[in-house]
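Colleague: Feature list, courtesy of TrEMBL:
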- LYS79, ASP103: Mn(2+) binding site (BINDING)
- 324-347: transmembrane segment (TRANSMEM)
- 368-389: transmembrane segment (TRANSMEM)
- 409-434: transmembrane segment (TRANSMEM)
Amino acid sequence: MKMRIEITTKLNQIPEHIYKQHKGFREWNFVTSKRDHQTILQILIDGRDTNAVDIEGNPLPTLVYLAREKRPQFHHHFKAGAMNALIRISSKISNGPIILNVDCDMYSNNSESIKYSLCVFMDEEKGDEFGYVQFPQSFDNLTKNDIYGCSFRVIQKLEVHGLDANGGPCFIGTGCFHRREALCGKKYEKNFRFDLKKLNNTKMGLIYGFPAEDIVTGLSVQCRGWKSMFLDPERDGFLGVAPITLLQLLVQHKRWTEGHLQVFLSKYCPLLYGYKKIPLKLRLAYCAYNLWAANCLATLYYVVVPCLCLLKGITLFPKISSPWVLPFAYVAFSHHAYSLGEFLWCGGTFLGWCNDQRMWLFKRTTSYLFASFETILKLLGYSQLAFVITTKVADEDVSKRYDQEMIEFGVASPMFDILATLAILNLLGSFGAIKKVTMHADKGFK
């Protein structure tokens, strides 16, 4: 099967003999556009069929192919719409009480993850309180020093556990086991049994209107009284594919940051929407991620103003010989020492920490900045909601350079213009400072 999948991927098309075997594939012959077609549905494997077994005779689960209906005159709501279509279809086929959500590029890496999550849901004392169980977002293609800082090492090893102690982590859009009744709008009530057959199919699933539909959906579930739990077993539960070019990373974070900021500026703002529903500490934790975009202003100040002051000869900090330099030195040293200590404690390397710091600088001065502008334009009515999909396929040369931990810029982008401008500006500032030091040294020798 692995070989068949790899061959199909390289050909970039489904082999003709397989294409003719399935009704779901053949129906695409009558489709003129992928954005304008009817619902295409086929049950590939029927779990109720006694003949549906693998080569060892074990029964296979039900497998369904679905291409939801799309029409140009109706908004399809991107990933949230696709998820809700799957939820409705599954309610008609199995209506199972637990739903697993993973991205298209992720796969199960630990068969025990199902058992771990069921242990939470079926706990005799508190199992009924949990609406979803979240596993970390892990990747199978990270380099040794994580050149693009994609692992979220500190966030997933430290910060999320802080959320876990205050009501539970946010829903991150993948690697999550949901209780169907919680995802479909039911409020938590102790010792109350919910009839899944009475679900309101018009108001269920993920919330529309945001690029970060996962965050706002998880928040709404928690505000209905449900708790969540973060499970991080020694063996990763699910693995996916991390971005392998710088542009992929920046575009991905732009979408995430834009979605977070839109949630904060909407009626779902955690401070207001979660008032008297979830703890204050959990609301503030949500805001820490919702306000990622605001970091762009402070970061731009720190990377632009000092180099301009160097060029103009303006003093920003006390002289090295002055005792007043100690507070500044203490803050700078303690901040970086604490950050490095966290990263190493979470299993990272020194070079990995350097890469992580560099990528945060890149993201704050590009992705966060563009996300802020896009959100402002959307609020003013000059921009429409968009969902940019991160490319999952790359050629062999790009993959080879990624494995060698070489930064791949790829195609031209306005984001790179900003990075290049900031780099040149800081380089000129450094040359200006060196020139002034050299001139003062010459005067001293004279």
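Backbone N, Cα and C define each Cβ position, glycine as well.
Where the annotation comes from TrEMBL, it is an automatic prediction and has not been curated.
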Colleague: Residues of the same chain, at least six outside the transmembrane segment (409-434), with any C-beta under 8 angstroms of its C-beta?
Modeller: 245-248, 250, 303-304, 306-311, 362, 365-367, 369-370, 398
Colleague: According to DSSP, does ASP103 (Mn(2+) binding site) fall in a helix, a strand, or coil?
Modeller: coil
Colleague: Check LYS79 (Mn(2+) binding site) against DSSP and tell me helix, strand or coil, would you?
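Modeller: Helix, per DSSP.
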Colleague: If you draw a 10 Å sphere around the Cβ of LYS79 (Mn(2+) binding site), how many other Cβ atoms fall inside it, taking every protein chain shown into account?
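Modeller: Step by step: centre on the Cβ of LYS79 (Mn(2+) binding site), count other Cβ atoms within 10 Å, giving 18.
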